[in-house]
Amino acid sequence: MKKANRSAGSVPKVSGISKPQTVEKSKPENSSSAPTGVKPVRPGAAAALSKTKSNDDLLAGMAGGVNVTNGIKAKKSTCSSAAPSAPAPAMTISENKSKISTGTSSSAKRSTSAGNKESSSTRERLRERTRLNQSKKLPSVSQGANDVALAKRSRSRTAAEGDIRMSKSKSDNQISDKAALEAKVKDLLTLAKTKDVEILHLRNELRDMRAQLGISEDHCEGEDRSEVKETIIAHQPTDVESTLLQLQEQNTAIREELNQLKNENRMLKDRLNALGFSLEQRLDNSEKLFGYQSLSPEITPGNQSDGGGTLTSSVEGSAPGSVEDLLSQDENTLMDHQHSNSMDNLDSECSEVYQPLTSSDDALDAPSSSESEGVPSIERSRKGSSGNASEVSVACLTERIHQMEENQHSTSEELQATLQELADLQQITQELNSENERLGEEKVILMESLCQQSDKLEHFGRQIEYFRSLLDEHHISYVIDEDVKSGRYMELEQRYMDLAENARFEREQLLGVQQHLSNTLKMAEQDNKEAQEMIGALKERSHHMERIIESEQKGKAALAATLEEYKATVASDQIEMNRLKAQLENEKQKVAELYSIHNSGDKSDIQDLLESVRLDKEKAETLASSLQEDLAHTRNDANRLQDTIAKVEDEYRAFQEEAKKQIEDLNMTLEKLRSELEEKDTERSDMKETIFELEDEVEQHRAVKLHDNLIISDLENTVKKLQDQKHDMEREIKTLHRRLREESAEWRQFQADLQTAVVIANDIKSEAQEEIGDLKRRLHEAQEKNEKLTKELEEIKSRKQEEERGRVYNYMNAVERDLAALRQGMGLSRRSSTSSEPTPTVKTLIKSFDSASQVPNAAAAAIPRTPLSPSPMKTPPAAAVSPMQRHSISGPISTSKPLTALSDKRSNYGELPVQEHLLRTSSTSRPASLPRVPAMESAKTISVSRRSSEEMKRDISASEGASPASLMAMGTTSPQLSLSSSPTASVTPSTRSRIREERKDPLSALAREYGGSKRNALLKWCQKKTEGYQNIDITNFSSSWNDGLAFCALLHTYLPAHIPYQELNSQDKKRNFTLAFQAAESVGIKSTLDINEMARTERPDWQNVMLYVTAIYKYFET
């Protein structure tokens, strides 16, 4: 990088134009006295400055109550007094910021150290109190056995009470510390939100600048933009100068705000370092230091001494190469290169800014290009080239703001994850405190019972001594019958073996009955479904009958109403008929009177009257006949209605009886179905219990399989040792050949030289011939032994391969079928096992044995890994392996020998040669009856496994040159070791609790391995797994996963046959997500993310992404 010197004439212009503007912007109360040609300070910048000052005060108060207002006032006074000079304001501001940062960091350390001292002092006081109580209570102990027991009880109670008080005080201190930490983290989150608001404000100002300059975002690159800018500058030179002045003003304001953001970020980072969290885990410290030294290679000693305060504070608070070092280097480079004004300097600085920055502080620490563009931009604008400089500065600012926003999101994501972990830790702490209190109470109870038992023990001891003295006085002999005891032990052992045999037979029966139970369960579910359908149909039919009854009742009511109406009509007609009868009688009387009058009086008048009466009579008769007919009709209708009502009532009674019978039948059917459903439910619960037991058996089979694999590895090691012995014997044969040739040459030399001494020559010849015969015999014996060993080795290999291919293939198929049948119930058993802490049963011991056997990697490292096997002793599932991989994996699997095949070969050791005896000895380092022995015996014999196998290997290597008798003696002792050998180390309660914790939270072990929070540990694991993949840069759980390539790379490390990573493209997001999710679902990892939403959003929800990545880690790594 070339650096050119700037002209001396540019220095007063910088001091006259750019620096007074910065001073005026740092003092918003004097903004009215701005020089001519410079616009007054915007209210947004003043508000941002006041906000950052308030943030500084807040951080200073949080760090330890240090008053920082004096430093701020000093900063204001230095800025206002240094208006004529150019370098002075920048240096005073940087010094004041460094002082503030050192003050806050030192005050934070003082506060934390004071808190630690207070907590330690309270603990010492509590201990002294408990000691004083004990010392006060001890002298009051009287003599005698009862007094001694009382003293023991009082001591145990006081110790238990002291422990309870200590635990309570510790828990209270931890809760208060957690609350303080949560409050501080909440304050940090509020500050992060204010930073987001300030970044948005800066982006709005950048858009305003682009709008003022006339720069369109669609034409930010290319020759069209430069041509448009040149035409605008050519036509409007005065406007360009004014806009450039505004741009310089805004650049200085942005620079000040960025400096204050740097200071705040540094203080936040010190606070997080003090709290125990680190933001510099994405890059190595040496790489960051090297990268930033390349940005500022020329640093003078004077400037280094100016930034000494910052460097010392960074050494106290963080590692080398951290934010403080980089900030000090940045300020030094800015002070050192203020006198250079070439275009090469501008281009080089902009190219440095465009370099990729991954840390949360890199974007803030990159050297700002706007600082070197004050006065040269004015000169270039007068010369016609200022447009390019402004465009470059705008692009640099855009890039830096984008990087700041990305880092801010990562920081907020990490803070949210930290808050969640703090809440979880607080809950765990409360649970542990309650558990600690409960254990303290139990400890007090146990101490009391221990004191009682010790008193009883002393009492019984005195009684035993008394009885022994009585026996000695009366000369009565007493002997402990060891034979009876050993017989009792043998009887218990035999009963135990019988129980183990019965358990094995029951397990086999359960495995055989499992398919039948599953079929029965399916049939029961189908019957239950049919019964439910029948119940629904019967209910529908009963509803239909009830509706018919209601309609019939309505018809009956209507008929009754009609009958009442007809009865009323008949009654009215009867009344009318009676009235007419009375009228008829009256008329008859009148007629009689008229006849009498006619007989006595005038006949003409009588004729008229008779005529009129006759007419009335006819009318009355017609009316009576019509009324008679109406009455007959109404009576007929009434009779017909009564008949109809009677029929309807008969039908209603019959229908009601039929409905009652049907309802009774339905109730009986419903009761039967309910009883059947209850029976089915009980059968289902029994089947679930049997399924759980079968799952336990499957886990035991897994343990046996792991044991077999470890023994196979030991056999392979033994074969390697035999091959080494074979090579050693071949070397011995070669040395014997060479020695034979040398001796024959010497013999010929002796024969040539000593022909004169015939007797001596004959003696020497006879001796040489005897030696040659001996050597030939030894050579022949060694060759026969070698051929015999090679034949036996080939026979062993062939038998092992032939037997294992059939047995292990059938065994693996049976286990895979069992696992496929029980896969649906695995989730329920895991939830039930993790929901509550069970008592130590066979199931929990088997699970702890299984999980503990995966911890040591020393035994698993003996098996050679293939390129397609992701981890040793772990076969990928059937869905995750391609056909070619299955073919390549079936070879190593076929070499594993089941337990029964190896246990059958434990025969007579005296009839075997040495090497085969060694092979059998190593093969017997496994208990032959392991499938028949429950998990309790396997847990007892676990502890001596590694030690016994290593001692046996050392004995074998030490006895290579020994005689066959010593090897036979070692062979007789090796089965005794093999009875107690096992592939895993002893399972202690602490390891059990850690395994249980890792099953509940799989990220706890990862956090212990990598350090820091669980989120950062998972992020480091993802970075480690995706090392070497192109276009992968994982720095968070949101934007780093938005194209799907990170998921594909992570799953490609485990499932290379499912993901063609070389064919993937970052633009085709939907295809990437589809491939990754399908590959994960093929092995049983359910997708919790939506493909369309992931492909649509640029920043997905980091919590959902982290949950999905945790599921991948849990499946493949735990």
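For all residues, glycine too, the Cβ spot is worked out from N, Cα and C.
Of the residues Ser32, Ser106, Ser381, Ser386, Swiss-Prot records the annotation phosphoserine for Ser386. Within the set Ser10, Ser744, Ser888, Ser1040, Swiss-Prot records phosphoserine at Ser888. Record check of Ser154, Ser351, Ser390, Ser626 in Swiss-Prot: the feature phosphoserine is attached to Ser390. For the residues Ser31, Ser385, Ser685, the entry in Swiss-Prot flags phosphoserine at a single position: Ser385. In the domain 'Calponin-homology (CH)' (1012-1117), the DSSP tally of helix, strand and coil residues is 62 helix, 0 strand, 44 coil. Confidence for the coiled coil (488-808), expressed as mean pLDDT, is 84.
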